[in-house]
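Taken from TrEMBL as is:
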- 144: active site, charge relay system (ACT_SITE)
- 204: active site, charge relay system (ACT_SITE)
- 528: active site, charge relay system (ACT_SITE)
- 34-112: domain 'Inhibitor I9' (DOMAIN)
- 136-579: domain 'Peptidase S8/S53' (DOMAIN)
- 637-737: domain 'Subtilisin-like protease fibronectin type-III' (DOMAIN)
- 1-24: signal peptide (SIGNAL)
């Protein structure tokens, strides 16, 4: 079906998603809970009205004639279904109806935040090749906390009317106006129409939207820090906003609604910086389900990998049809110096905008200011209700936890110095704070123990050059995927540390009750901030290749990424941290070869994971089934731009990867295979054929990669890179073999 038409997802039977919210009402002495009910394919007959059908089903199941308080929302554009408050017995009635596929729990989801675009090579103005007319027709759907529409980042000065393909609406609610930049807005969190507002009261959605597609705004800064021109990857693109999150979190039924509308509205790329607390299978993941249907109609979904690193197997975005993004450190860092009473200077990470004017204040360690009711261990962390206000007030407090300064400030401390075991990113706090490395923190404690009246001051932050970039941030979630062992996740790495972007003055830069600041730009860190960078790059690539599928765009970005090297031993510093490497926007528009995938390929992949036909229908929404032949398909043979396999670790192995590439470079080109192994790798790798001769554009050719080796143990993955080179293009695919205990 062509883009720009109304998209219908075909659901062959009923799908029920169980949601965690609980209603205060009771029926038959049972608590009501919210369930999402997916129905079969939208009938093509003109007299079919989804809302009437949904209400009829509810009336039949509940036995009630008035069900307005039961119906939470209807899906009637891209999905056919509804969300409703049901009791357990009513849920069972629906589950027992003919054609019901499955009943499973949904979950609360949570959010995952100028020089970054320059760092990646996407320079401002005429320094970067652009396709302005198509960029202006590109629409990025932002599923997040809403947006602050008055920001200069979203001014529509110089913009014409929305693209003709746009089928959305501005339902931003009270105190909200769309324009020719922010062309659409919907709120899924409002309890009623009267309270509806897509305005951003947290700042997160404004930040991510401007990172992806914000206008260029000169002299942007956070109290002088990071001063420069803030802009998105595709400043001429349009933005459609789908508010699914507030301070209480993000509901699964709202996310499904947002995908439903975004796809029907006509967006080109979806960026969603939201993750699940745990890692559910695909059929229980609203982002995986929504992303699948987006992929099926040509819309790429870009998702944050998660902020639970550096532990292994914490990456929460694992579906191969969703673009999973890790966070890297850029070439800029914000540092706050600590000057001790003896003149020694310690340098910590912090986005500190407060000035103590050089005054040195007494130091006190949290454990030395403990209440008698609190253990020393908790007092070290400065946990709530652990510190004696009399011993803290007017002093700079040492805390072993990044959350400790919040409690110290409540009790009247003038500042705080924090032990930061992961000193690769800065935090914002609402009073003077510096986060020291373990070694510098020990040095500070030693100074306190050897000095009769220890004092110090914390200086305002300075911006310095970071020569180690790019490396993966410690907080960025790592693979391997706990859902699919033979797909390398995350996919790609992008800037996600100390990113300056637009912010909502309706919020404050921190959650502290003492923070009275209201700013138009702020600094945030997280895979939430990396995600819209890649969404911006995907939109940028699409402006040069409007007809490319999501898999082609994804492949182009992955195979042209900057190589990154392991920064240490173990899984956490390898490809399971950074995927294909660091995104390179300029190279991505001319990849030479791409690895294409279709909806059918992903169905085959799910069959190879031993998914039942019922579970596949939950994800695909159609009549797809698994034959015995399809069930024999190895998941690692999905035509993915990376190659990964889990082996026993104690025995020799010999595995193969089957791949097909499509020529999008030049006709009459010859690509030769080159294998580059990592230092110390003992992998034996063969590629057949070793030469691919492409006579025409869009020609496809297949090859097989055979990887063998001896027992590899479980401590360190082995890796290599396959590079197809034609004299111009380097089409690089990481190969990773690993074992786990």
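Cβ coordinates are placed from backbone N, Cα and C, and glycine is handled just like the others.
Each residue in the domain 'Subtilisin-like protease fibronectin type-III' (637-737) gets a DSSP state, and the totals come to 1 helix, 59 strand, 41 coil. A straight line from the CA of residue 144 (active site, charge relay system) to the CA of residue 528 (active site, charge relay system) spans 10 Å. Distance between Cα atoms for residue 528 (active site, charge relay system) and residue 204 (active site, charge relay system): 9 Å, as a whole number. When the active-site residues 144, 204, 528 are compared by the number of other CB atoms within 10 angstroms of each CB, 204 has the fewest.
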